[in-house]
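What Swiss-Prot annotates here:
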- 8-28: disulfide bond (DISULFID)
- 14-33: disulfide bond (DISULFID)
- 18-35: disulfide bond (DISULFID)
- 26-33: region 'Interaction with Ca(2+)-activated K(+) channels' (REGION)
């Protein structure tokens, strides 16, 4: 995944930030969102 500068506590929090970044499938890893490119 691609780390983005968004803090998180759970993967559901990353869905929208990843969409906003033009990506999908957000996951929370080490307190930060990681996204999968389209």
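Including glycine, each Cβ sits where the backbone N, Cα and C put it.
Remember, it's a predicted structure, so these values are computed and weren't measured experimentally.
Sequence-distant contacts of the region 'Interaction with Ca(2+)-activated K(+) channels' (26-33), counting only residues of its own chain at least 6 positions beyond either end whose CB sits under 8 Å from a CB of the stretch, comprise 1, 3-11, 13-19. Broken down by DSSP into helix, strand and coil, the region 'Interaction with Ca(2+)-activated K(+) channels' (26-33) contains 0 helix, 6 strand, 2 coil. Of all the disulfide-bonded residues listed here (18, 28, 35), the one with the fewest other CB atoms within 10 A of its own CB is 28. Ranking the disulfide-bonded residues 8, 14 by the number of CB atoms within 10 A of their own CB puts 14 at the top. Geometry remark: residue 28 (disulfide bond) versus residue 18 (disulfide bond), CA distance 11 Å. DSSP assigns residue 35 (disulfide bond) to a strand. Residue 35 (disulfide bond) sits 12 Å from residue 8 (disulfide bond), taking the CA atoms of both as reference points. If you take the Cα of residue 18 (disulfide bond) and the Cα of residue 8 (disulfide bond), they are about 12 angstrom apart, rounded to a whole number. Mean model confidence of the region 'Interaction with Ca(2+)-activated K(+) channels' (26-33) amounts to 97 (pLDDT, 0 to 100 scale). For residue 33 (disulfide bond), the Cβ neighbour count at a 10 Å cut-off comes to 25, with all displayed protein chains included. Here residue 14 (disulfide bond) is positioned 7 angstrom away from residue 8 (disulfide bond), judged by their C-alpha atoms.
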